[in-house]
Amino acid sequence: MSGIIATYLIHDDSHNLEKKAEQIALGLTIGSWTHLPHLLQEQLKQHKGNVIHVEELAEHEHTNSYLRKKVKRGIIKIEYPLLNFSPDLPAILTTTFGKLSLDGEVKLIDLTFSDELKKHFPGPKFGIDGIRNLLQVHDRPLLMSIFKGMIGRNIGYLKTQLRDQAIGGVDIVKDDEILFENALTPLTKRIVSGKEVLQSVYETYGHKTLYAVNLTGRTFDLKENAKRAVQAGADILLFNVFSYGLDVLQSLAEDDEIPVPIMAHPAVSGAYSASKLYGVSSPLLLGKLLRYAGADFSLFPSPYGSVALEKEEALAISKYLTEDDAFFKKSFSVPSAGIHPGFVPFIVRDFGKDVVINAGGGIHGHPNGAQGGGKAFRAAIDATLQNKPLHEVDDINLHSALQIWGNPSHEVKL
């Protein structure tokens with residue numbers, strides 16, 4: 001294979017999956033085949049999409065009810081020749097799912113890139129090992145927290161929040177994805193002030209914390225804004241990838257003048273991936289494609305919290321981010337939304353040690369503030385790695401957190 005193989009979930013009311021698959025393969029490549037003269041067929045053969053797999057699935061009554069008709073469901077795979085498209089994500093996505101996405105009854109499940117095609121994508125600049133080296137933390141999951149309630153607040157408020165989270169033992173603090181350029185907390189001022197706070201905490205407590213600042217602005221201003229952030233001392237760039245496009249992420253990741261990790265936020269991605277019947281699968285969108293395009297971290301809904309993904313999907317995202325690949329470094333999985341210390345054993349059991357535990361309210365809502373919230377999470381992480389039940393841990397901050405949010409992992413064994 002020198003091109004790309006697309007895997008689709010299709011629904012067909014004519015009950016002929018093979019015919020529908022062939023129609024898709026032709027419609028997204030040469031348009032027609034049987035009515036072409038033999039000589040023209042020979043000329044176009046190398047450009048034709050080829051159906052390589054058709055698998056019928058069991059009938060699903062909920063699907064029939066939703067679509068208001070009886071359909072045959074199936075998984076199909078089509079190989080698209082590399083000759084047909086330039087080696088970039090806009091061309092690949094348009095080839096494999098462009099007008100097909102308008103069908104409303106087809107879901108793009110996966111894209112399998114040939115080795116030749118993979119060479120055109122950067123992958124993470126730092127990856128898991130590189131991030132761990134920045135923090136000098138190699139033996140446990142990382143802990144991340146989020147600035148909360150920053151809109152309308154000044155730099156002083158930001159510095160106080162940042163200091164408390166860092167003292168609490170948080171490894172990474174990220175901006176809220178809805179904090180954009182503004183007069184009270186402009187980009188470079190956030191970075192400079194944040195570094196002063198984090199350096200002070202490091203000198204006093206010996207704990208290193210990185211700050212992920214939100215990269216925003218018009219698309220053609222992003223590189224300039226990113227370089228300003230780097231010059232000001234930015235540790236990590238948070239980026240709302242799907243508000244801009246995967247190719248924009250790749251452009252940032254490939255730029256040698258932006259030598260910092262990039263954290264991909266999933267904002268807007270639900271518009272592409274939420275349906276079980278159409279769109280793009282979450283594992284492909286938030287896992288494989290983000291990694292290929294250069295994200296060092298991928299945030300996605302956890303299976304446990306307030307905006308939950310099905311566990312199978314969340315684990316598939318993580319698999320794509322972390323599986324061995326000779327072409328790409330591994331990206332950090334960041335299962336998010338509604339996470340509190342009682343979920344830590346679940347997260348470690350399901351995602352392993354190479355994960356970022358991301359909390360907002362679970363840190364800021366602690367009765368001892370963000371310092372107490374961070375310490376509660378760190379105690380939960382340490383106990384989990386020792387296979388010690390959380391309720392047996394002699395830590396006042398963790399005990400308080402479990403009283404507030406509960407301990408659903410009471411029976412979890414690693």
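From the backbone N, Cα and C atoms, a Cβ is placed for every residue, glycine too.
Per Swiss-Prot, substrate is bound by LYS148, LYS174, ASP175, ASP176, GLU177, GLY338, GLY360, GLY361; the candidate from HIS60, HIS62, HIS265, HIS410 named for the same site is HIS265. What surrounds the Mg(2+) site, by Cβ distance within 8 Å of the Cβ centroid and not counting LYS174, ASP176, GLU177, is the set ILE146, PHE147, ASP175, ILE178, LEU179, ALA212, ASN214, LEU238, HIS265 from the same chain. The recorded positions considered are LYS99, LYS148, LYS174; of these, LYS99 has the fewest other C-beta atoms within 10 angstroms of its C-beta. Cα to Cα, LYS148 (substrate binding site) and ASP176 (Mg(2+) binding site) are separated by 7 Å. Ranking the recorded positions LYS99, GLY338, GLY361 by Cα distance from LYS174 (N6-carboxylysine) puts GLY361 first.
Distance between Cα atoms for ASP175 (substrate binding site) and LYS99 (active site, proton acceptor): 36 Å, as a whole number. Geometry remark: ASP176 (Mg(2+) binding site) versus GLY361 (substrate binding site), CA distance 12 Å. DSSP assigns GLU177 (substrate binding site) to coil in the three-state reduction, outside any helix or strand.
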